[in-house]
Amino acid sequence: MGTSPGAEPVQAVRWTDDGLRLLDQRLLPHEERYVVCRTAEETAAAIRDMVVRGAPAIGVAAAYGAVLAVRARQAQDPARWREGFAADLDRLAAARPTAVNLFWALARMRRVAAQADDAEAPARLEAEARAIHEEDVAANRRMGELGAAFIEPGSAVLTHCNTGALATGGHGTALGVIRTAWRQGRIREVFADETRPWLQGARLTAWELVREGIPVRLIADAAAAALLAAGRVRWVVVGADRIAANGDVANKIGTYGLAVLARHHGVRFMVVAPTSTIDPGIADGGAIPIETRAADEVLTAAGRRVAPQGAGAWNPVFDVTPAGLVDVLVTERGALERPDREGIARLLG
Ligand code: MRU
């Protein structure tokens, strides 16, 4: 893959005549291979197995999965499709537990199905899935503008995990801010955590930035403290998988440590997430379900075992950053400095 300055961001999730076309993120950066999901079950498996990942992208994929479900269930039994459809949506919801965008998108699809008669349901659900996708891209572009305005020209920034076009409907959340700020000439350099164990930073963020000609330097996750202590970045910019009503933020494991480090070293900490990532039904971060994945993800690196047989591992893939450590929360409805319960309630109107 060559560098192509100014290249358009990749489109990882695409609705086609054949079904839902996903760029298989397990294979990047070595191979750009697309898989096509033709059933809701295949879509749920793609989310569970991380063919597609990132909170907003999971929501968009699940919405298209619901379109595949209505089509298949109506083909089986045009009059009694709703029961099977509901079961398919439950299966999609069970694919991953932390990113609330998944449940938010499926709730929208359920509402539309409930209001549609049998004949109009497939078209109405397809229109809703497309709307969820388009709204996400628009939200990311707006957040890009709002977040970039905080970044002083000439800044270096640190980001974590992958929050780019791969993780969303397009453009990106935190990486969308970085992308916009770069185009505006505000960013000198991006540091990206490699993000063990799945290496979203090394495999995906670096891939997105290199293909667009945006300068990126990877660091081992453990190097973040030294980077911030050396005063080499002005902002840490991250996304979110679920934000509680009080502003606590669940995001990729390691985010909490970065927030503590940023506060300690006087570096500013920005969270970028659409309002679809805010879960007003969860009072604080302690109640956010945190996904634990297979021990093998920690015990191996690049497909090769790195720990001795007999060693175990603990692999929580998200952690919770208390709202008090967040300097700015950027959403498509506006940027909130020092987010708290009142500010979030105001934002959600
Ligand atoms: O396990 P992943 O790769 O789905 O986790 C992704 C993240 O934690 C992102 O930072 C998050 O979804 C927010 S930005 C799109």
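Each residue, glycine too, has its Cβ placed from N, Cα and C.
Gly54 (substrate binding site) counts 32 other C-beta atoms within 10 Å of its own C-beta, drawing on all protein chains shown. If you look up TrEMBL, you'll see Arg53, Gly54, Ala55, Arg96, Gln200, Asn251, Lys252 marked as substrate binding site.
Taken residue by residue with DSSP, Cys161 (site 'Transition state stabilizer') is part of neither helix nor strand, so it is coil. Taken from TrEMBL, the feature site 'Transition state stabilizer' applies to Cys161.
Over all protein chains present, the Cβ of Asp241 (active site, proton donor) has 30 other Cβ atoms lying within 10 Å. Under the heading active site, proton donor, TrEMBL lists Asp241.
Checked against ligand 1, the binding-site residues Arg53, Gly54, Arg96 give Arg53, Gly54 in sequence order as having a Cβ less than 6 Å away from one of its atoms.
Asn251 (substrate binding site) is surrounded by 29 other CB atoms, counting those within 10 A of its CB over all protein chains shown. Cα-Cα distances to Asp241 (active site, proton donor) place none of the recorded positions Arg96, Cys161, Gln200 within 10 Å. Apart from Arg53, Gly54, Ala55, Arg96, Gln200, Asn251, Lys252, the residues listed for substrate, the same chain places the Cβ atoms of Ile58, Ala99, Cys161, Asn162, Thr163, Ala167, Gly239, Asp241, Val317, Phe318 within 8 Å of the centroid of those Cβ atoms.
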